[in-house]
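What TrEMBL annotates here:
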type     : residues                                                               : note
DOMAIN   : 52-92                                                                  : domain 'Alpha-D-phosphohexomutase alpha/beta/alpha'
BINDING  : Ser66, Asp279, Asp281, Asp283                                          : Mg(2+) binding site
ACT_SITE : Ser66                                                                  : active site, phosphoserine intermediate
DOMAIN   : 107-172                                                                : domain 'Alpha-D-phosphohexomutase alpha/beta/alpha'
DOMAIN   : 180-286                                                                : domain 'Phosphoacetylglucosamine mutase AMG1'
DOMAIN   : 300-439                                                                : domain 'Phosphoacetylglucosamine mutase AMG1'
BINDING  : Glu373, Ala374, Asn375, Arg501, Pro502, Ser503, Gly504, Thr505, Arg510 : substrate binding site
DOMAIN   : 459-529                                                                : domain 'Alpha-D-phosphohexomutase C-terminal'
Amino acid sequence: MMAHFQDVSKQSSLHPKPAELVSQYGTAGFRANAKLLDHIMFRMGLLAALRSKKTKATIGVMVTASHNPEEDNGVKLIDPMGEMLLQTWESYATQLANAEQEDLLTALKDVIEKEAINMSQEANVFVGKDTRSSSSSLSQAVLDGVAALGGHSKDYGLVTTPQLHYMVRCQNTQGKYGEATVEGYYKKLCQAFIQLINNKASNCTDDQKHLSVDGANGIGALKVHEMESHLKKELLISLFNDGSKGKLNHQCGADFVKVQQKPPTGIEINPGERGCSFDGDADRIVYYYTDSDGRFHLLDGDKIATLISTFLKELLTQASLDLKIAVVQTAYANGSSTHYLENTMKVTVVCTKTGVKHLHHAAQEFDIGVYFEANGHGTVLFSEAAEEKIQQLAENPGTDDERKRAALLLQNTVNVINQTVGDAISDMLLIEAILAIKGMTIQQWDAMYTDLPNRQLKVKVSDRRVIDTTDAERRAVSPAGLQEAIDSLVKKYKQARSFVRPSGTEDVVRVYAEAEAQESTDALAHEVSLAVYRLAGGVGDEPKPLH
């Protein structure tokens, strides 16, 4: 035990912490300029080893900064079932990262004592990294940290974030979830995809097999390229922004497309053809096309959730399986999507606070839980009971043909989905399969419902904590009078809705508004911004009208 601590001391001096630097472990783990992260990486190696000893399971550590610029990097830990790190351990991560050099051992012993960790228990950690130039040395620092506490590690090298989540789950389910190799990942997903595609609609032509993919000049591009041979030409991918010349996330990737509402630079796509963009670590995806008038159409997380849940709901009906399906959204989901799901599709819709962990948690309450953030991060969760019922029906010789076909489709859908976390590659395969099975064009998918015009604004305030919300962030409890003001403004416009919430990172309040027409939406967003400015301590000039 003492020998380990001497080792930690010695090793730690090779990964010194810049004095005074303070970092915070959030939903995305740690993210910062890569030059500031070496000590954090080493310490997250230490923490992962402790977490592994505590859970008696393999833990993952992913080195990535997702959709941030290339000069940044980051790190996040993955719990045994491939989910995000337990919240109480997030504060240990922050504690270890911020301990000054001479206090590191004390901080480490504090975690060991609080969690009553048996230090003779062995530790196993899987490590992965994205394509940033800083990722190699930073992931080495993680491996050094694991080794300093006598832990074993497996370095997966270059993988997408969802692939590492998948590996961790495979390992801890003793292979029940799949084989913990990149090859095993491609095999499981692509075999399921090919089984699904065998059911494609008769009107589905070969030119509909074609899809343009923007790889954000990141790890996703590399992995799509690796996977192509497994697809047996059932999906023909043209890969753009593959990292050979462009800069990571620069004018490309899911975040750029969603925010700018235009196609990424470097993609050539004919009117009416499908395109999609991954983000930098391939855990988000958005689809789009341009129409014959050259207008850009974005199909975001709301549209994706609608397509997937509609498909699943139809299969459950065909299989006459009594399973409860729900779609989990946040307040940012477009009102039209909520309306369509509840009223046309008769699917349960649940609203939670913003943040993947809230969505994931809510989705676990149902037999089948579909969740997507508008930014394109999402997946589908199946309860064990649901998976068993689907399997029994598929394998029962007495099942009639229609029910059996639906059950087999459901089974393959379960296998094509990465249930651990949002996964651009897995989501892409599922969407492509659904469009083929339904014989649907991207235009028909887009036409399921029309988004209400919406607008997001930010208001600078002196202290964001004066705003407190309830009802999944849809209503403001404080400051006094603010919610009443919003309510009376919303009443002025048709199909209107608006809410405000404090930013998680800076002293600004985020305003969301939607209404029947863009002009009304912009007016509403501005009026609500003014109310926030006046009632919640706005700083600087008061918000100007948008027109």
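Cβ from N, Cα, C; glycine included.
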Sorted by sequence, non-Ser66, Asp279, Asp281, Asp283 residues with Cβ within 8 Å of centre, Mg(2+):
Thr64, His67, Thr160, Thr161, Gly218, Phe278, Gly280, Ala282, Arg284, His377, Ala424
Compare the Cα of Asn375 (substrate binding site) against each of the binding-site residues Ser66, Asp279, Asp281 and report the nearest.
Asp279
At a threshold of under 8 Å on Cβ distances, which of 52-92, 107-172, 459-529 pairs most often with the domain 'Phosphoacetylglucosamine mutase AMG1' (180-286)?
107-172
Would you say which of the binding-site residues Pro502, Gly504 has the most Cβ atoms within 10 Å of its own Cβ?
Pro502
Where DSSP helix means H, G or I and strand means E or B, what are the helix, strand and coil counts for the domain 'Phosphoacetylglucosamine mutase AMG1' (180-286)?
40 helix, 16 strand, 51 coil
Within the predicted model, mean pLDDT of the domain 'Phosphoacetylglucosamine mutase AMG1' (180-286):
93
Any idea which of the binding-site residues Asp281, Glu373 has the thinnest Cβ neighbourhood at 10 Å?
Glu373
Determine the Cβ neighbour count for Asp279 (Mg(2+) binding site): the number of other Cβ atoms within 10 Å of its Cβ.
31
